[in-house]
Amino acid sequence: MATNWGSLLQNEQQLEELARQAVDRALAEGVLLRTSQEPSSSEVVSYAPFTLFPSLVPSALLEQAYAVQMDFNLLVDAVSQNAAFLEQTLSSTIKQDDFTARLFDIHKQVLKEGIAQTVFLGLNRSDYMFQRSTDGSPALKQIEINTISASFGGLASRTPAVHRHVLSVLSKTKEAGKILSNNPSKGLALGIAKAWELYGSTNALVLLIAQEKERNIFDQRAIENELLARDGQEIAVVYFRDGYMPRQYSLQNWEARLLLERSCAAKCPDIATQLAGTKKVQQELSRPGMLEMLLPGQPEAVARLRATFAGLYSLDMGEEGDQAIAKALAAPSRFVLKPQREGGGNNLYGEEMVQALKQLKDSEERASYILMEKIEPEPFENCLLRPGSPAQVVQCISELGIFGVYVRQEKTLVMNKHVGHLLRTKAIEHADGGVAAGVAVLDNPYPV
Ligand code: ADP
Ligand code: MG
């Protein structure tokens, strides 16, 4: 992708001055993170890393990503309600992956006891990269969908003002006007409020489950601040910003998760929806016929969804898995090996992937992974700003996320919408990792 910031990125002195202005504006707008030295304290905070300029994104791909979001909401909701599909899809994986198995045990137990909750709330974020193609027109390809603790909707609501400011300082008023407004935190809060309303108890609370050491607190506060504080004890909605990684669970936490799952509060997500967000489910959804089975009578939605799927391959024991492994070993740079993990930094690429595949080849353990085609976007230049580092002009690639919200009461879908976007940009030398992992930085799409 060509950038029209080309000459601006060459002028070092101007960049430094612009960076100072941008950082001050980011701080003033509340684009904040707690520091890694003091992750539990708001006494000393800094700005969340971001790009000096917005990155160019083709309007057609932005529109496509927005247009398919309601379909993804429907799909996740359909998967979460299809116990047979979840059981079959995850059967090999749960034998090898303890974390997924524990989640699945809770799912089975509440199914057996009868699901107490009647209101279901989904707040997710579907992530994409722009695969370059030989004819020059990039294609939107999904990286994954996050069904638990999808973050940065709060900070993404604050970054457009920063990039508008940078462009205004450069007297680029017309360009500044092209930065899209974005307010995912408002939309996410409206979803929570709707689920709370349908729960139907005026004194009930919303419980936000957060990590003890949470650098990204201001992202959560942005959503909290959209909700009215109320008195009372009963919990109507449980919103997880925690609980997506094994290390976030002690034995006591597992018991608490089961307790919450048994309650009639609307969980965001409930266990089935968290399982619907696993990489194994993503891979099985790409099998021919699966989307048609889950979304019967909706061929247009199925076509929109399928158009965003990259190559996804099962590594279950058997011929299909053997062939996938052989393909990856023959061309390692074209694939990514993914375990059932969230939070960044878990995937294996290149030589590491080759070593892991050779080791896993003859072991049942390989069923806890999936193989994915590696998306190769066209790199472009931007300047990355991080606390403690000088402004750096580097070759970058971006990842676009769209936030989706849905609310279901029993069998009736009451809300289904998209509520905004997140663009994250990272230097090309990093294969993996998001903003929280210290790799990517916040950005805004500049539609072209
Ligand atoms: P996590 O749940 O840990 O966020 P992801 O599947 O989103 O796992 O992968 C983490 C990061 O790795 C992504 O943000 C992206 O930068 C990179 N990545 C993942 N899958 C691919 C892929 N198929 N092609 C290129 N990069 C990928
Ligand atoms: Mg991710």
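The backbone N, Cα and C atoms fix where each Cβ goes, glycine too.
Since we're looking at a predicted model, the values are computed, not measured.
The annotation substrate binding site is assigned in TrEMBL to Arg125, Arg424. For Arg424 (substrate binding site), the Cβ neighbour count at a 10 Å cut-off comes to 24, with all displayed protein chains included.
The feature ATP binding site is assigned by TrEMBL to Glu144, Lys279, 338-347, Tyr349, 372-375, Glu399, Lys426, Asp432. Other C-beta atoms found within 10 angstroms of the C-beta of Pro339 (ATP binding site) number 19, with every protein chain shown included.
For Glu342 (ATP binding site), the count of additional Cβ atoms within 10 Å of its Cβ stands at 19 [all protein chains shown]. Marked as Mg(2+) binding site by TrEMBL: Glu144, Asn146, Glu342.
If you look up TrEMBL, you'll see 232-276 marked as domain 'Glutathione synthase substrate-binding'. Taking Cβ pairs closer than 8 Å, the domain 'Glutathione synthase substrate-binding' (232-276) reaches residues 76-77, 79-81, 83, 86, 90, 98-100, 102-104, 106-107, 109-110, 113, 115-123, 147-149, 151, 192, 195-196, 198-199, 201-211, 214, 220, 223, 341-343 in its own chain, all 6 or more past its ends.
A simple way to gauge crowding: the CB of Arg125 (substrate binding site) has 26 other CB atoms within 10 angstroms, across all the protein chains here. Counting only the Cα atoms, the space from Glu342 (ATP binding site) to Asn146 (Mg(2+) binding site) is about 8 angstrom. Figure note: comparing Cβ neighbours within 10 Å for the binding-site residues Lys374, Lys426, the maximum is reached by Lys426. Among the binding-site residues Arg125, Glu144, Glu342, Tyr349, Lys374, Arg424, the ones whose Cβ sits under 6 Å from an atom of ligand 1 are, in sequence order, Glu144, Glu342, Lys374. Apart from Glu144, Asn146, Glu342, the Mg(2+) site neighbourhood in this chain, defined by C-beta within 8 angstroms of the site C-beta centre, holds Arg125, Asp127, Ile145, Thr147, Ile148, Ala150, Tyr244, Gly277.
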